[in-house]
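Student: Sharing a structure here in structure tokens format.
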């Protein structure tokens, strides 16, 4: 019998049952899983697209975490007083004749591709932070995550392995080779010395990258010469005790640099393998990392355009070429690849270098009776003194780097002599190694999301920092002039090339090992004109600053607290070092030092005056480094000013015990060849 509309349902005859009908059992609240607590997504783009043809990297599909308020960890949300909660759809089924009827299924929704900016919640926040350099312009739905073609453990195959491995390093060529081109001339080295240091850098970069892939974090991160170490290295090069050297300036200064780098690397080894880094991670978050890394790029503003201006037309042309390729032509694809975006630096350098060669050959930069290889101070003619600097900067035939170096040269440890250890220079490098570790922490977290894996545990991070310390010690033994660290631009390279396979990065590292023994390769790089190097560095340092600030996407960017902290850290990182660098400097002092190197001679005239010359050296040098001031200001303010976890944007690291139970995580980060079993007693070596 049917009941009238609005009447109470009558029980059916012949079927005993409770009155009124018992409600269906409600599902018990399940404890939050590891994925929901950390906000991890197996596909970083926010959805898992199954594909039978896509290679499997061992990722376990996890449910999308439910958007929840900031206090999600305290338990399920509770109803507010005097509020009415609507019944869940499953419990709100219509009833008729005493029978419960299931609601009609919702109409099928068309499957649409989710934009990258709507991706997963890497920090479990309600609003998903956007990842940089994602392909928001893709027309077709990809089979893999929108911003990665090959994940961490994928094997692309032999031919793609060669192509992608070579591509990964070519796109980072500016970060790898440009530091020696700045340092060696500042040390009084010749073109042959520059070629030798470049070959050494290629060898150490390949060797340290393989070391990090096997016993470090095992993420596809290149370990090479870091811009973090450039400013303190220039400060040591311009120390007062090195003024007036005439013979073997380069080797004498390099031996002091080697000693300082080895001390800094040893301190970083202790920081990583003793577990101190795990404790230090509690103080490090995006609000600290962002201004620190950005200050590294901003600290070289006095060098960039000042050096570029020595041949203004070629320098501007070089800078414009890189900007046009990286920005205006970034969407153009050739053979399925965004060639201009990936190879912006080498393409811009090659074209501008060719134009400079043509202008040199046609005599545009030739002045009658003048020789570019004669210093301006030795020229008798006022006409030549006026144009000799322009000739040296604009011409491409002033470097003799390609003539004398042999075809094959094997860089070896202590090739410049026995390192000289100085406690004051070593102490400066110890502090800088902490800054390099902070820089690497941000790279570890961002790169893990880009390669579609879980963030590493604090133990894996400590293991990576310890290996970076070993890499810095090796860089000091071989004599690269700077320490080794995770190249920050590597994160941008992974996002652009969409290559997250560590096999491809490892193959590229092997290529660097072979190229390092070919002497003419280093000589060719050493012959790049200085003005083109300065123009490329303007772009690289600007990108480094932007990559540093992009870490703020993990925090509440609209927070006035974070804005004030980051703003203060950046402003004081420019203002305080400027005070130290200009203190006691007279306009006519140190004329032998170029104007763009004068900020690094602060140790001889800084405002700190104590009874110890070594203490004066350390304090005046450290407080004149932009990144040190940015780090100290951001670290103190962020850890003392009240702020919630979601507002501060604390990095979410994987929990060790929970991660060990997931086979995909273990395969991603476990040491190969069962090496980890021999070091179970060392907490920081395991997961």
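Heads up, the Cβ atoms here are built off N, Cα and C, so glycines get one too.
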Student: Which residue range, 443-464, 465-486, 531-552, is the one TrEMBL calls transmembrane segment?
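Tutor: So the range that TrEMBL calls transmembrane segment is 531-552.
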Student: In TrEMBL, which of the ranges 216-240, 341-365, 366-390 has the transmembrane segment annotation?
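Tutor: Residues 341-365 are the ones TrEMBL records as transmembrane segment.
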Student: Need the matching range: TrEMBL marks transmembrane segment on one of 132-157, 158-183, 392-417, and I'd like to know which.
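Tutor: Going through 132-157, 158-183, 392-417 one by one, TrEMBL flags 158-183 as transmembrane segment.
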Student: Mind pulling out the one from 195-215, 283-306, 312-329, 341-365 with the most Cβ pairs under 8 angstroms to the transmembrane segment (617-637)?
Tutor: 283-306
Student: Can you tell me which of 195-215, 283-306, 341-365 gets the most C-beta pairs within less than 8 Å of the transmembrane segment (564-580)?
Tutor: 283-306
Student: Do the transmembrane segment (531-552) and the transmembrane segment (312-329) share at least 3 Cβ pairs closer than 8 Å, excluding pairs fewer than 6 residues apart in sequence?
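Tutor: Yes, the stretches contact each other.
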Student: Residue list, the transmembrane segment (283-306) vs rest of chain: Cβ under 8 Å, 6 or more residues beyond ends.
Tutor: 182, 227-228, 230-231, 315, 435, 438-439, 441-442, 488, 534, 537-538, 541-555, 562, 565-566, 569-570, 573-574, 577, 595-597, 599, 625-627, 629-631, 633-635, 638-639, 648-651
Student: Give the one range among 195-215, 257-276, 312-329, 504-525 whose Cβ atoms make the most pairs under 8 Å with those of the transmembrane segment (158-183).
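Tutor: That would be 504-525.
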Student: Output the single range from 257-276, 312-329, 420-438, 504-525 maximising the number of Cβ pairs under 8 Å to the transmembrane segment (195-215).
Tutor: 504-525
